[in-house]
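**Student:** Here it is, the structure in full.
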């Protein structure tokens, strides 16, 4: 008679793989839903373009959908069936690099509109060209913050899975996650700063209550209540500065300190309610209905990565010993189904 006795190291190994796979599954779903509405409108009869920004937006949207489908497939199989293939993961990594196309397209589009001096702000406000350019600049800053966070989350998770599949995962100890945390805290800071400055500018120039003369919008920012933009910007800056401090080991109260994760969740929840449901929902008609799920999906990387990286940084050792994930004889799980990876046989 034989029984299977999993080792603690094997359980850690499988747990880490499933964490990565679960997050890949979630980000894959978001990558599919984020551009799907815009893609559907760009391929409608008589609306399909083969040149310029619309064509680039279509190709960028299709690239996001493609990488989302691949990520969902890989994440599901690794999470549910403990199956992975390093060649498929490497292909996903390469495909993800095309994910910057839609964000570069958006930056180009916003830049062109800003230079025109007649965009983003309704004519009723009689805005100056410099005001239009400032609003455009805040939109570009927001696109960079959200885009780098979202595509960065994809790349990070895929590379993480690939290191496990090639047996190099012991390189990713606490200092590695501290370093990555610094980057994602900075992108969150960029997002908060752009939203804060946009809201402050609109309040100073066009009023602090409801914008009666029309919605001001650029990129993922739809502003009907400038005070909401200011409030959310401050929340994001607070979480970003706190996350940056924690990436250097400041403000952490033990390995079980979940306060930062709770703060990030509250920040994301407020963003969902105020930036999406209130700001977008206040726009008359359903012209911006497609923006609500798109902004929600896009915000995932911005809010998820700091929380996840902080968790890994404070729970992993400074240097991972050879016995941490098993007996010291590390094995690749690249091309096999491993429901009991690293288990010991006992007579």
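Just so it is clear, glycine is given a Cβ too, placed from its N, Cα and C backbone atoms.
So TrEMBL says this about it:
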TRANSMEM  20-43  transmembrane segment
TRANSMEM  55-76  transmembrane segment
TRANSMEM  88-105  transmembrane segment
TRANSMEM  134-162  transmembrane segment
TRANSMEM  183-206  transmembrane segment
TRANSMEM  218-244  transmembrane segment
TRANSMEM  265-282  transmembrane segment
TRANSMEM  288-309  transmembrane segment
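Buried or exposed, and what's around them? Tell me for each listed feature.
**Tutor:** Among residues of the same chain six or more beyond the transmembrane segment (20-43), those with a C-beta under 8 A of the stretch's C-beta atoms are 49, 54, 57-58, 60-62, 64-65, 67-79, 99, 102, 150, 153-154, 157-158, 160-161, 164, 290, 293-294, 297-298, 300-301, 304, 308.
Panel annotation: around the transmembrane segment (55-76), residues 21-36, 38-39, 42-43, 48-49, 84, 88-89, 91-92, 95-96, 98-99, 101-106, 108-109, 154, 157-158, 161 of the same chain, lying at least six beyond its termini, place a Cβ under 8 Å from a Cβ of the stretch.
If you look at the transmembrane segment (183-206), the same-chain residues 6 or more away from its ends with a CB under 8 A from one of its CBs are 125, 127, 131, 134-135, 138-139, 141-142, 144-146, 148-149, 152, 213, 216, 218, 221, 223, 226-241, 243-244, 247, 275, 302-303, 305-306, 309.
Distant neighbours of the transmembrane segment (218-244): 106, 110, 119-120, 135-136, 138-140, 142-143, 146, 181-182, 184-186, 188-189, 191-200, 202-203, 206-211, 251, 260, 263-264, 267, 270-271, 274-275, 278-280, 282-283, 288, 291, 294-295, 298, 306, 310; these residues of the same chain sit at least 6 beyond its ends, with a Cβ under 8 Å from one of its Cβ atoms.
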**Student:** Taking a Cβ cut-off under 8 Å, which residues six or more beyond the ends of the transmembrane segment (288-309) line up next to it in the same chain?
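**Tutor:** Hits for the transmembrane segment (288-309): 23, 26-27, 29-31, 33-35, 37-38, 41, 145-146, 149-154, 156, 177, 180-181, 184-185, 187-188, 191, 217, 220, 222, 239-240, 243, 247, 260-261, 264-265, 267-268, 271-272, 275-277, 280-281.
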